[in-house]
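Enquirer: Grabbed the feature section from TrEMBL, which reads as follows:
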type     : residues : note
DOMAIN   : 23-288   : domain 'NADH:quinone oxidoreductase/Mrp antiporter transmembrane'
DOMAIN   : 290-343  : domain 'NADH dehydrogenase subunit 2 C-terminal'
TRANSMEM : 56-76    : transmembrane segment
TRANSMEM : 96-115   : transmembrane segment
TRANSMEM : 152-171  : transmembrane segment
TRANSMEM : 202-219  : transmembrane segment
TRANSMEM : 239-257  : transmembrane segment
TRANSMEM : 277-304  : transmembrane segment
TRANSMEM : 325-345  : transmembrane segment
Amino acid sequence: MNPQAKLVFTTSLLLGTTITISSNHWILAWTGLEINTLAILPLISKSHHPRAVEAATKYFLVQAAASALLLFSSMTNAWYTGQWDITQLTHPTSCLILTSAIAIKLGLVPFHFWFPEVLQGSPLTTGLLLSTAMKFPPITLLFMTSQSLNSTLLTTMAILSAALGGWMGLNQTQTRKILAFSSISHLGWMAIIITYSPKLALLNFYLYTLMTAAVFLTMDSMKVLKLSTLMTSWTKSPALSTTLLLTLLSLAGLPPLTGFLPKWLIIQELTKQEMPLMATAISLLSLLSLFFYLRLAYCWTITLPPHTTNHMKRWHTHKPVNTQIAILTTLSIMLLPISPIILTIM
């Protein structure tokens, strides 16, 4: 892609996100979301492969439907209350439609079907944007309207997301699809807590972004797209493979790694809200995700392919260590000891 075009699209992404997260008016928020959608489409379809074009088309149709619902929700609220302010969403029907619209934008169950397909058709760097940056504006809208949302509906969606995200990721062989189902599962943890402790949901999102960025950039540096390629990539950079093992376990939420912090705090908050059953259910469902993270880690660091002669070995590269990956991986593994400082800031 032309560097100037890439610069325009990246700037538009930043602009759209900034407009949405800093707006108080529904029309401005909607405009920001539309700019974001239009800016990411060329980045998804830049390879001109039929799969990429299909992914871009699916993404456009789904996001257009979600944006129309969001606009309809805000207009309904304005019709009944005379308010266009985002924080003044009080009409029950508007709240219900808004929850559905944002669930479609994020890829929460039962509106998750588009997300794995779109991620599979996108390059890894665009996949990283779709999994992290593109979810930030809808999450901020949930944050701003959290006091008006239906907590029962969100809790149901969250439990289903954690269940299906873990269950459907079990038999995948494509790394991008595995990361898509991982994202759906993590969204479940954010959705269950957003009405009770919005700041905790944002903390979860920030740490998820950190860990996912480390995984995506590592895979991109090694050009790993499926598990069979993964099995031979340990020869390319053994140190990176070892740190990625820890990052994957951190994504799974194992102590004493960074990923344990949001899960621990969410379970604690759910127990305080007298929802021990939901806390137990979502904790047990996260074991499904743990299985496929362990599978990825096992393939990456412990196994040799069964027929080594059929695979082209990837020997050590002499490229310098990518500073971004080094910083992100370190943060993904070692933030738990400073959790009191993080909680003070939050």
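Here the Cβ of each residue, glycine as well, is placed from N, Cα and C on the backbone.
Computed from a predicted structure; not experimentally measured.
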Enquirer: Using Cβ atoms and a strict cutoff of less than 8 Å, what residues sit near the transmembrane segment (152-171) while being 6 or more residues removed from its termini?
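Expert: Those are 96, 99, 103, 108-110, 112, 116, 177-178, 181-192, 194-195, 275, 278, 281-282, 285-289, 291-292, in sequence order.
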Enquirer: Count the CB pairs under 8 A between the transmembrane segment (202-219) and each of 56-76, 96-115, 325-345, then give me the winner.
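Expert: Top-ranked stretch among 56-76, 96-115, 325-345: 325-345.
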Enquirer: Quickly jot the same-chain residues contacting the transmembrane segment (56-76) by Cβ under 8 Å, restricted to those at least six beyond its ends, or write none.
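Expert: Sequence-remote neighbours of the transmembrane segment (56-76) are 26-27, 29-30, 33-34, 37, 40-41, 44-45, 84, 89, 91, 93-95, 97-98, 100-102, 104-105, 114, 117-118, 121, 130.
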Enquirer: Is the transmembrane segment (277-304) packed against any residues at least 6 beyond its ends, judged by a Cβ distance under 8 Å, and which are they?
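Expert: For the transmembrane segment (277-304), the sequence-distant neighbours (Cβ-Cβ under 8 Å, at least 6 residues beyond its ends) are 155, 158-159, 162-163, 165-167, 169-170, 172, 175, 178, 181-182, 185, 188-189, 192, 227, 230-231, 233-234, 241-242, 244-245, 248-249, 251-254, 263, 266-267, 270-271.
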Enquirer: Can you work out which residues elsewhere in the same chain, 6+ from the ends of the transmembrane segment (325-345), have a Cβ less than 8 Å from its Cβ atoms?
Expert: 203, 207, 210-211, 213-214, 217-218, 221, 240, 243-244, 246-247, 250-251, 255-261, 265
